[in-house]
Structures are given as C-alpha cells and as structure tokens.
Amino acid sequence: MSELTALTIAEARDKLKAKAITATELTDAYLSAIDSANETINAYVKVTHDQARSMAKASDERIAKGEAGALEGIPLGVKDLFATKGVHTQACSHILDGFKPEYESTVTANLWADGAVMLGKLNMDEFAMGSSNETSYYGSVKNPWRANGSNADLVPGGSSGGSAAAVAAQLCAGATATDTGGSIRQPAAFTGTVGIKPTYGRVSRWGTVAFASSLDQAGPIARDVRDAAILLKSMASLDLKDTTSVDLPIPDYEAAIGKSLKGMKIGIPKEYRVDGMPDEIEELWQKGIQYLKDAGAEIIDISLPNTKYALPAYYIVAPAEASSNLARYDGVRYGLRVPGKDIADMYEQTRAAGFGKEVKRRIMIGTYVLSAGYYDAYYLRAQKVRTLIKKDFEDVFAKGVHAILTPATPSAAFGLADEDLANDPVKMYLNDIFTVTVNMAGLPGIAVPAGINDKGLPLGLQLIGRPFEEETLFQAAHAIEQAAGRFTPAKWW
C-alpha cells in the first residue's frame, strides 16, 4: 500500500486539482499494487494496463487545460457485470467466454465522462449469484482481512466480492458494484468498506448483465462515506434506455455529509432481532444506536411485521426472474458453444458446460416456481408478500421515520471453502437475512463499518432510507463513521 493508493477519492481529487500529483502517477501506483497483490487476492479478472494509462494521460491533459471532470484521474475498478466496450465482460461465467461488448454500460459511460480511469474488471460470484464470491468461474476472492494471529483465508462476501476486496486492499480508489439481495452491502460489511444500494430506478441498469430485473440496482463500494457519495453522484442519471430509470434531479450527495442529525428520527425494527444472532452483532447494533443518539438523532422502536417472510419470498422471486433472464445464453450468437447432435442438443450441452452449480440451482428453482401448477402457490404468493413488505416500510416512513438502523450481516466474514455452507445452500442464503427486504421494497440501503470484533474483523451496520432520499443515509452513515472510525486491514498479501 503506497502513500498514493492510501488516498481516498476526495483526497486524491484535491491533490490532482492542486497539481500535487498527476493522474498518471496515481494510476501507475494502483497498477503496480494490483500486479503485486492480485495473484493472492484474485480481485481482478482482467487488468487493463494500457487503457488505464491512456485514460490517465488524457486526464492529465484535461487537468492542465482546466477542464477536469468530477472524477478526473480517479482510478476505479469495474465489476465484471458491467459492459465495457471492447473489454472482457463475462459476469465471471464460463458461458460468456471471450465476450467483449460493442457498447458501454450507462454507469461506466457516466464515470468515464466524469474523467475516471478504468483499472480493470473485478471478480464476482457468477451472474451475481452468491454471498461469498466462491461461485466465480475465475476462482474465489480472498478477503484482505484476517482474524488476529490467523493465516486462514476468509470470504469477502458476495456477489461483489472483487469490488469490496479491491477497495479494502487499496487496489482501486473505488469500485462499481451491483445489489440484488445484498450484493453491495454484505461484502462492504465483511471488508470494512462502505457500500450503498441506491433506490430502484436511481441508477441505470442498461448494459449491466441482468440477474433479477425487478431487484437489480448498481451502486458504489468505497473506503468511506464521502467517497461513496462522490461516486453515486457520477453513477446516477436518467436513462431512457432503461424503462425503470427515474427522472428526478440528482442531488449533491457530498453536501449532505457533516450535516447535523438534529430532528432526524431513526427507527429500530424489533423483527431484526433474529434467533441465533451473535452477541457481537447485538452489541454493535446498540453501539450504532448510541452513536446516532449522540449525534442528535431521535431513536424510535418500530415494527416491520412481514420481515420474516422476506428471505423465502426473495428466493422465489429472484430465481424466477433469473431463469427467464438466463434463457438467452444458448451458444448461438456469442460466448461458449459446445457442439451437439442437433440445435436442441447444442443448447443443452452449452448450458450444461457453461453454467456453474449455483447458477444451475437457481435456474432450476426459478423454472420450477414458474411452472404450471406451482406458479400461483409460489411465485404469485411471493409477489403478494413483497407488496406487504413494501407496505410495512411505507407505514413506518409515513409516521415520520427518516431512516432505519439494522445490522448489515448476521456475522463477520466466514472462512473460505466452508464445507458446512457449501453443502447447505439455505445456510448460505441466510447471509442475506438483513439485506433482502431493501431490494424487495426498492429502497435505498447503505452499509457502513461500525466496529471490529474480538477476532479483529470488521462489522457493519445498515441504514435503510425513504425512496430517493439517499442524502439522509449519507448524513447518518457519516455520523456512525465519525464515531466508529475507519478500518484498514493489516497487509499480509
């Protein structure tokens, strides 16, 4: 970790503006950090050395001319789910072997238009399906954090594990990520970073490989709350190519940071106290409540009665949409093609060889719940539950609550290749217990580091906001960050 790679986005932006450093120096520092660490951490599946250097050179020229954009010269990593023109985009799946898009996703196009530099594509769970970044065709990502005195590798969380690990290990200044049921917030909590899932419709989905279209939303993972605010401002936009994109002004999120919490009402939902929740998570939650109280917020006990149905409903809705979205991968136009006796056999062979175990599992669940005779019993009921979950939140917000504080995850990061979890998918799915409600209701949610456990691992809290009121989340998350401090892993890689 060099002095340059230790800079936050806000610090690097100021130094670039003052011409104390150049974009080329900053980019080279990150590229050399990646080259020395990536073999161990496995955060990147493709490093774009030449492109990064030419983008940095162009940034330096714009800075010299006084034409710097909001992210001029800031080196970022891009989750492998975002289409990047002419650059490896495979959703970390074998079935998309060799795919290089002819177009740029709206999110990445917005970032490059603001002057950001692309370092490369980040590892992730295959098609964003996973909570540990162990389902990637390119192998598992290692969490830069380790327990005190231990050499055991831990997962970085998922599906945006590469994004979170790269940010925590200082292998990029910030990263793009996506969240369908917790894939930004859970890895952020596991790696001591900040991750925000914006309101559904705030950020365009165009050019992002689809998992579950009614739940997917892109957002940033960053080192601190201010950096997350800076990135979201650039990522968000109205996009007529995405029918769910919302035509609302994009606030200056950074301006919300440091504002007083006086008069802010924070709800504490009793239903989030789940059986078997470790003491350290309960203690962290109490600590977070105190931090917000000390910052001037009013704490209110609330009820979200349908919370317990969120996880089973999510694991019906998301696989159903995935089975439909992933039907397009058949080996005909692009990606992997395995020859067969006839066209139907070719489809079958290609999909059998191209998809990993977890993706196949979810496609099968999705196809089953959508099939005749089961559609009403499963899919329709899950959608009704989803409406009830949304109504729970609406009722609470209607009573004047501005944001809701909950744990982000039911534990700290767990071990890599945990056989117990590998053999029991339901146990693995329980990692999403605190995060899926936010996607089901289309709300914004942020994960912010709030403490370190006895083993020296980071723990995160989650704040859930009203639709399109991300500023409130940045404001409250910053208060927690100020009280808890920032956490960086000790370098072992």
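A Cβ is built for glycine as well, from the same backbone N, Cα and C atoms used for every other residue.
Swiss-Prot annotations:
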ACT_SITE  Lys79  active site, charge relay system
ACT_SITE  Ser159  active site, charge relay system
ACT_SITE  Ser183  active site, acyl-ester intermediate
| query | Taking the Cα atoms as reference points, how far is Ser183 (active site, acyl-ester intermediate) from Ser159 (active site, charge relay system) in Å? | reply | 5
| remark: As a whole number of Å, the Cα atom of Lys79 (active site, charge relay system) is distant from the Cα atom of Ser159 (active site, charge relay system) by 10
| Hey, does DSSP put Lys79 (active site, charge relay system) in a helix, a strand, or just coil? | strand
